[in-house]
Amino acid sequence: MVLKNGLPISLCAFLAACGGSTSAQPMSENANVASNQVPVAVITADSASLLLNRPLQFNAGQSYDADGDALSYEWSLVRGVDSIPVALSQNHGSEVSVLLTDNDSYVLTLTANDGQSVSEAASFEFTPEQTVIASAGRDLTVKQGQLVSLDGSASKSLDGVITSYKWRILSKPEHSNTKIFRDKRVKTSFVADQVGQYLVELKVENEFGDIATDTLQITSDALSENSAPVVVIKEAKGELKLNEVVSLDASESYDPDRFDRLTFAWQVLSQPVDADVTLSAVSGPQVSFSAATLGSYEVAVQVTDSKGEMTQAVYTFTVTTDNLPPIVDLGSDSNVRIAPITLTCASCYDPEGELLTYQWQLQSRPAQSSSEILSATEASAQLNPDVAGEYVVALTVSDGVTAVTSKPRTFFVDDNQKPTAKISAPETVFIGEPVVLDATQSVDPNNDPLTFEWQVVDAASDILLQTENGKASFTPSVVGHYTVSVRANDGQYFSDPVTHTVNVTENLSPVITFVNEKPRAIELGSEAQFDASGSYDPEGDVLSYQWSLDKPAGSTAQLSADNLATNSLLADMAGNYTVHLQVSDSAGNTSRKSIDVTVTDPVSYISGTVTARLLNSLNKPVANAELNINGVQHFTDDMGRLNAWVEIEEGKALEVSTQDSRLASSTYTAPSITQNNFLVEMGDVFVAMLQPVEVKLYTCPQYTGPEVIEVGYRLLYTIPESSKLPTTYDQKVRFTLDQSAKATSSFSLPATAQYELYVDDTLQVSGNQRFSVYYSESIASRGFLSICNK
């Protein structure tokens, strides 16, 4: 449609006034036909909405002839500034229908003929609207490692509802391995894992198969590069009444660098000549004001980070006596189960107090859904989701003069709601200080048990990320930024990923060293000692100590000291205690460590003797072998004999395990012992020794498998077999092929023993799949194997 002064003019002809139809005045040169008056051609569109890919109907029914003569018609249609002809299926009837697919401007022309004279041509110019409009959001600037949120909820369909969304990354920086999680959702995310530009596309499709796309660009800045703050002013009214107080809130502004502090400076940029607006404050994230003079105003906020980088945003509003538009706010998105949803407006009102009318719209639903909004013209409507998925609704309210449409609200419908991942971790640490990232506070709406998927997004140096029980840890050795992400999984759905960046700095914090850092278990009446005198500061600063104690309810126990390097605890009741120590250096850097102390009521102990003689597969004694008997260290003598006096809790089982680096891991468990002065005679016991092994791996001709091959060694039996200290072994060894498709790996295996070899399902061990390892006191075992494709 023709645009004038930025406003659409619907269904207007060139030669007649607007009003839903167009006409042409009689041609003056035909006035010489005294007995006949020239007819008048009028074009009328059958619909106010003219859409691409939909039949458009126009008719000449309002054309007329003053003499009452029958009229014939001729239609023509051209496209674009070059007036390219567009074929019509028929161009002589009183009606014409056309389906347009090209997004361009069009001019439809009609002439009427009464058999004697031809009317002046009536023209109708229009631009069909896209049936579906995709909205991927505005371009963004983030920091490397930051989670980028994508929101397609502003997409809309002018005919029907949107039934599918598809996100994809069209281009990304070199070495980026990122991907979009849940790429078929209305709202989703990805991690900007590298510095550079990301181009993301959103494709939406409605229930009739109409498709639209939109793109946005995300710029990822290096963590070492300072980025300008991003100013966010919470939505405020654009039109105000005289003396109406308005509050501006920029508290959601942020700095992509995360560690920078922001300052705010407000000022009035422009106002009417006679106005004198005073802001409630000139600094801080929030201000308020009112205006007593009609006219237009501009208020600016300047947000500056700690490095001096500045961004300014301007809020423009008008003080008027005209009708003010209604306010409509549907509230935030919701996760709900498959059940009827009552749709209400979180904040809908008219500034002048006029009654509002309502029109709810279902903008998007799952492809398999047939849900509609019930009571769509009421203040309270209802949506009955029939399948799991995302439903996007919007609300238009009108005060009779002005209609306003809300921002869309998305309902994520599923009986199993996805979990929400959370990371608790320090933001700044020093080199050598262990970093623990804790995701155990992640939540699942259905209380399902969670597992976690951790990933190192970016690191200043290579790190080994240790993960266990919802926590991840690493120890940085280089100054810089380390970014880690985690996703929680409830067995069906992954959460949105969350990332955390740790800044590692040069100034090292003190190092706390306890004589014994292990958790303590003592009996009531015993005293627990804590010695941190070996603590030190890497820079040599003097240290100060601060102790604190967590104790069971009802306990009045206290630590013997508050600020010394050593301390002790005498518990007054059974239960769990935690002793905390904070050590600080002169620069204010602190370190913290805690030791758990479990205090139990006194128990009875019994003692006795354990004897054995350890032999290797050569039937030779294993001298000075380290063993662990119920948590206490013991050694064999030079002849491999064990004669250990042990004390154990009455009724507990006796457990003997190998702790020697020469020995394979083995454990013997005796029945529970209840008699004092017991004697456990194990006799001669074979124990498997760890034998160094060098294996050469060859591949078959035309091998096309991976460059890194993992070969599994599963222990079948030892020679001789041992029932007293049995050994189990089932581990994989990595072989990295060289340019000649060969590899060599050195490792240790329990010996003497027989093993079964196994590989990935796509490969096979050629020939014998058994591998024997013989123990030798001086020579490494050697072997070879051949790997082929299946």
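Note that Cβ sites are derived from N, Cα and C of the backbone, with glycine treated the same way.
Please treat TrEMBL annotations as automatic predictions, because they have not gone through curation.
TrEMBL lists 1-24 with the feature signal peptide.
The feature domain 'PKD/Chitinase' is assigned by TrEMBL to 40-129 (among others).
Per TrEMBL, the feature domain 'PKD/Chitinase' maps to 133-223 (among others). Each residue of the domain 'PKD/Chitinase' (133-223) gets a DSSP state, and the totals for helix, strand and coil are 0 helix, 50 strand, 41 coil.
Feature annotation from TrEMBL assigns domain 'PKD/Chitinase' to 230-322 (among others). Taking DSSP states H, G and I as helix and E and B as strand, the domain 'PKD/Chitinase' (230-322) has 0 helix, 41 strand, 52 coil.
Sequence annotations record features per position, and here TrEMBL assigns domain 'PKD/Chitinase' to 327-414 (among others).
TrEMBL lists 418-507 (among others) with the feature domain 'PKD/Chitinase'.
Across the domain 'PKD/Chitinase' (511-602), DSSP helix (H, G, I), strand (E, B) and coil residues number 0 helix, 45 strand, 47 coil. Annotated domain 'PKD/Chitinase' per TrEMBL: 511-602 (among others), in sequence order.
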- Using a Cβ distance cut-off of under 8 Å, indicate which of 40-129, 418-507, 511-602 has the most pairs with the domain 'PKD/Chitinase' (230-322). 418-507
